[in-house]
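Among the features that TrEMBL reports, substrate binding site is placed at Arg4, Val5, Gly6, Asp7, Thr26, Gly27, Ile28, Gly29.
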Amino acid sequence: MPGRVGDSPIPGAGYYATTNVAVSSTGIGELILRVLPAKEVDMLVSMGFPLESSLEAVLGKMTSLFGEGIVGMIGLDKQGNGHAVFNTKGMARGVMSKDVKKVAVFQGDRI
């Protein structure tokens, strides 16, 4: 049977959501499938670590295992705080609410 399953539809790889956190990841799927970064972020947040440091820790792990240019992740905690990390040149991300409409692409771009 030809073809393959990418990381996007796999819980823990392309996405993961619980009552504590929701995480979406994108990048090189074959490597994302090996680590399940969205699930790892959830585990850290569930242990009491803040979302931002949890995302940074998992990004650091993926970078040390596979190098730069591999993954980007966006997370949202149960208080509604969001954060994005990536080890690529850019990753489009945005925020929209009644009062806010912002878009960012590159490292250092703040939302």
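Including glycine, each Cβ sits where the backbone N, Cα and C put it.
Bear in mind that TrEMBL entries carry predicted annotations, made automatically and left uncurated.
Here the features listed in TrEMBL are placed on the structure.
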{"residue": "Arg4", "record": "substrate binding site", "CB count, 10 Å": "7"}
{"residue": "Val5", "record": "substrate binding site", "CB count, 10 Å": "10"}
{"residue": "Gly6", "record": "substrate binding site", "CB count, 10 Å": "13"}
{"residue": "Asp7", "record": "substrate binding site", "CB count, 10 Å": "24"}
{"residue": "Thr26", "record": "substrate binding site", "CB count, 10 Å": "18"}
{"residue": "Gly27", "record": "substrate binding site", "CB count, 10 Å": "21"}
{"residue": "Ile28", "record": "substrate binding site", "CB count, 10 Å": "14"}
{"residue": "Gly29", "record": "substrate binding site", "CB count, 10 Å": "18"}
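Annotation note: Val5 (substrate binding site) sits in a coil segment as assigned by DSSP. Max Cα-Cα distance over the annotated substrate binders (Arg4, Val5, Gly6, Asp7, Thr26, Gly27, Ile28, Gly29) is 16 Å. Secondary structure at Gly29 (substrate binding site), as computed by DSSP, is helix.
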